[in-house]
Amino acid sequence: MLADLRAGQLLDGAFEKRTLALDARDRRWVQELVWGMLRSRGRLDAILADRVRGGIAKIDVDVADLLRLGTYQLLSMGSVPPYAAIGQMVQLTKQRHGIGASKLANAVLRRIDRERATIEPATPSDALEALAQQYSHPRWVVQRWSERWGMEETRALLDANNAAASIVVRPYGVVREQLEAMLDGAGVETHEVPRVADSLRLATGVALTELGAFKQGALYVQDPAATLVVQYAHVAEGSTVADLCAAPGSKALELSRRAGLVLAADRNMTRVDRMMNGFGRLDAERLHVLVADARHPAITPVEAVLVDVPCTGTGTFRRHPDARWRLQVSDFAVLGALQKQILRAAATVVKPGGLLIYSTCSLELEENDEQVQQFLAAHPEFTLEAPAPGVVPDDVLDGGYLRVLPHRHGFDGAFAARLRRSA
Ligand SMILES: C[S@@+](CC[C@H](N)C(=O)[O-])C[C@H]1O[C@@H](n2cnc3c(N)ncnc32)[C@H](O)[C@@H]1O
């Protein structure tokens with residue numbers, strides 16, 4: 001899986017592909033290991049740097065990942081006996097890299113096991129480096145956030161990014177109480193979600209896809225931040241809505257609660273396939289799926305258009321611990337250009353008097369406020385229009401925008417701007 005990530009694949013996809021043959025318990029164990037290791041990679045590297053001659057950057061990247069996995073098991077996975085963690089990693093290193101590398105793995109991991117009581121690496125004197133190491137984030141990301149929010153709020157955000165994200169579900173075709181009863185009958189503990197009516201947070205460790213309520217299409221998974229984006233959009237009852245970047249489709253489903261018809265389009269065929277499977281499981285109504293490029297929308301103007309654009313996803317680092325290590329400064333320019341193109345093209349298919357909703361799961365101003373401000377400056381026929389008071393809680397509104405922050409609200413990060421076209 002880690003080799004897949006190095007080849008540019010995303011963690012979710014690599015996990016799906018590599019764990020097909022495992023049962024639910026083993027999948028959970030692998031997930032705990034890999035997600036946990038990636039969330040603490042910076043700290044693990046500091047520990048390894050003190051014990052690998054020449055530092056971790058000097059050794060083969062695959063061996064480095066094996067050492068990180070071994071170290072994480074030794075220090076953070078109490079369920080794994082040290083001899084098993086060391087033995088397994090040494091064996092794997094031998095299979096993949098030969099006897100020399102396996103001796104290194106054996107020596108390093110045994111030493112870490114021996115020194116576990118005094119293992120914490122020294123705190124770097126540079127305050128940003130210290131935060132980056134403690135919370136395992138790239139330093140440049142910590143720097144950019146601390147310039148915006150200050151050190152203490154940045155610390156809270158880094159901490160939130162390392163917390164395990166819970167599964168939150170929404171009822172479909174049944175009311176919340178029915179879904180609660182179905183889950184209760186299956187022995188699944190549920191909790192209400194602050195700020196978002198009808199969503200249910202499931203106790204951790206639930207094998208969701210094995211639940212009857214899932215198989216019967218009585219629920220779908222949606223982080224409260226995504227639900228809030230759609231509630232903030234507040235499309236008119238019975239209207240036709242185009243969701244031009246729709247896959248895997250949870251916002252399209254949420255839109256279909258109020259809309260008369262939702263056109264759910266995405267450019268990526270594989271993701272469209274997955275979206276269709278999801279809608280099929282739910283027996284979803286009032287949704288039409290299309291494969292289409294949002295830069296050239298092939299539809300006639302509609303009452304509301306949502307563009308949930310591709311972005312750096314810095315609001316979802318807690319779910320995708322690989323993303324923080326993949327992020328590059330150049331992503332802002334590359335994705336920014338695409339976001340700009342999609343937003344401008346989407347504007348051409350909004351009816352006069354209609355709504356254009358721009359959203360991201362990024363925390364970054366370049367992808368959020370600045371995109372919208374530039375768009376509004378070039379399109380005087382659109383104005384920012386927050387939904388009526390009470391549609392979403394006041395504490396997720398910020399100057400008319402929707403802004404959800406992991407460390408303030410406890411959900412994924414999200415941003416949205418609701419733009420009204422003049423009649
Ligand atoms: C943030 S995700 C959308 C998530 C989705 N709205 C949901 O709530 O489930 C962005 C999506 O945009 C799609 N995408 C990227 N470039 C696109 C383009 N030019 N036209 C249409 N879709 C595009 C990606 O395939 C991806 O599925």
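Note: Cβ is positioned from N, Cα and C throughout, glycine not excepted.
What TrEMBL lists as domain 'SAM-dependent MTase RsmB/NOP-type' is 155-422.
Annotated S-adenosyl-L-methionine binding site per TrEMBL: C245, A246, A247, P248, G249, S250, K251, D266, D293, D308, in sequence order. Residue environment of G249 (S-adenosyl-L-methionine binding site) contains 27 other Cβ atoms, counted within 10 Å of its Cβ in all protein chains.
Classification of C361 (active site, nucleophile) by DSSP places it in coil, neither helical nor stranded. If you look up TrEMBL, you'll see C361 marked as active site, nucleophile.
K251 (S-adenosyl-L-methionine binding site) falls within a helix when secondary structure is assigned with DSSP. Averaged over the domain 'SAM-dependent MTase RsmB/NOP-type' (155-422), the predicted model reaches a pLDDT of 96. Between the C-alpha atoms of D293 (S-adenosyl-L-methionine binding site) and C361 (active site, nucleophile), the distance comes to 20 Å. When the Cα positions of C245, A246, A247, P248, G249, S250, K251, D266, D293, D308 are compared pair by pair, the longest gap among these S-adenosyl-L-methionine-binding residues is 19 Å.
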